[in-house]
Structure formats: structure tokens, C-alpha cells
């Protein structure tokens, strides 16, 4: 590959998922179906929450934010991937690559913080039910939601600036189907230790903070549920939190495996599979998990039909 540097690089080449035409077509059909199903599921959740007055409360306000993020997350990467699979056009401009990475990290970071906020909301609902509406007011919900978006934006701005001020002088071939931190780090011809340290530190502090909030919230929730005398109350509480806890486990597990580790452990094939879990499958599963496990959402869907 011809040597390039930061002053002359104008585009990158995405390796993609397969070079075999028949495999590419099958992958195109598969991911198109998944993407359309993801859009349909999350848009349905948004419409149901916005139109059913029974769902105009903090829990569903946050769920609406989650559904919106689950629309943005695959939209950042999947349309370009589908185009590459169909037309075998694997080139992405320097600016396009930068914007793709920025949007992806922004959405992923915002979702991590939003899941922590949702865990706190469930903690208040179960541990302090009588004071719930006073503590978790819609004004507080709006502030918390805005806060997650702002922190996600600033976190992404830092990560993107650290990556795209690197020098790319050995290859412009990104060993992934989209622009992401580990494969972009792998392209740099200069030492990346200091940048890796900053990225790991920031991701570690912010990610662990969100995780600790989520973990502590669920410890208190579990203790409160175990103290309940009625089995019906315990079942209702578990049902209320089960959906969110499932989503948390799916999302945290895959994002930690991708971002909270040194670039020396980067494995293109393994990372493609992991990135599909949080970037494509999790946004598809979230509306299914919430609609199947939540009686209020199911009732609202039946009324809409």
C-alpha cells in the first residue's frame, strides 16, 4: 500500500465483511432486514409513548430517549455497510470517517449514561414509591436526559480529536466495516501510548461511574424486593426491572470488551462480532425486550392496533 500521511490523506478504505459476491448479497439482505426491523421497533415504541397518555411518566420518558438512541446507533454504521456490500464501494472520506466515529462514540457514551439514569429511576420507584413523583419530577428528568447527551457529546469530542490528530502513514485501510477507535489507532505510524492512556482513563472514569450508579441502584432494588412480603409485589418489581437489567448486561458487556482495553489486544475478526452485538443487535432487541416484558407497553400497543 502506498505510504500516506496526515497532510495528504483524504479517504480511508473499509475492509468490510466479505469479498465473496454471493456472501455479500446474503449479508446485505440479512442486515437490511435487521436494520428495517430495528427502525420499525424503535419508531413504534416512540409513537406509542408519545401518543398514550398513560405512558407520560419518567420511566417511559427515558425509554423514549433510549429508543431514539437505538435508531441513531445503527444508522451511523449500517447504511454505509449496506452500500459497501451491495456496490462494493469501501471508500470513505476523511471527514466522513471522522463524523462516523464521532456520532458512534457520542451515541454509545450517551446510552451508557442514560442506562445509569434509568437504573436510578427504577431505584426511586421501588425503594421510595410514595415520594417517587416528588423526587423524579419531569423537570429533573429533562435535566438528567440533557446531561447524558451533553456528557456523551463532550466525551465523543475528546475521543475523536485524539484519534484524528494522529498521523496515518503506513496504510489507509481500516480493518473494520466502519470507522472505530481500535482500528484507527492501529493505522497510526506514531506511538499512541499517551492517547491510549487518556482514552482508557476517560472511558474508565466515566464508564465506571455510570456502572457504579447502576450497580448500587440494583443492590438497593434487590434488597428492597427481598424485604417485600407479597410474592405478587416481588414479581411486579422484578418484571419492572428485568427489562432494564437485561439491556444493561447486553450493552455494558459488549462496549467494555470493545473500548476499555489496550489497542495491542485489538483483534479485527473478534471485534467485528462484538461491535455487531452492541451496534446492530442490541438496538434490535431493546424494543422487543421492553414490549414483551412490559404490560403497559403491550396494552398500549394493543390499543394502537
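First residue shown is number 1, and so on along the chain.
Glycine is treated like the rest: Cβ placed from N, Cα and C.
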Taking 98-120, 167-189 as the choices, which stretch does TrEMBL tie to transmembrane segment? 98-120
For the transmembrane segment (273-292), name the stretch out of 25-48, 98-120, 197-225 with the most CB-CB pairs under 8 Å. 25-48
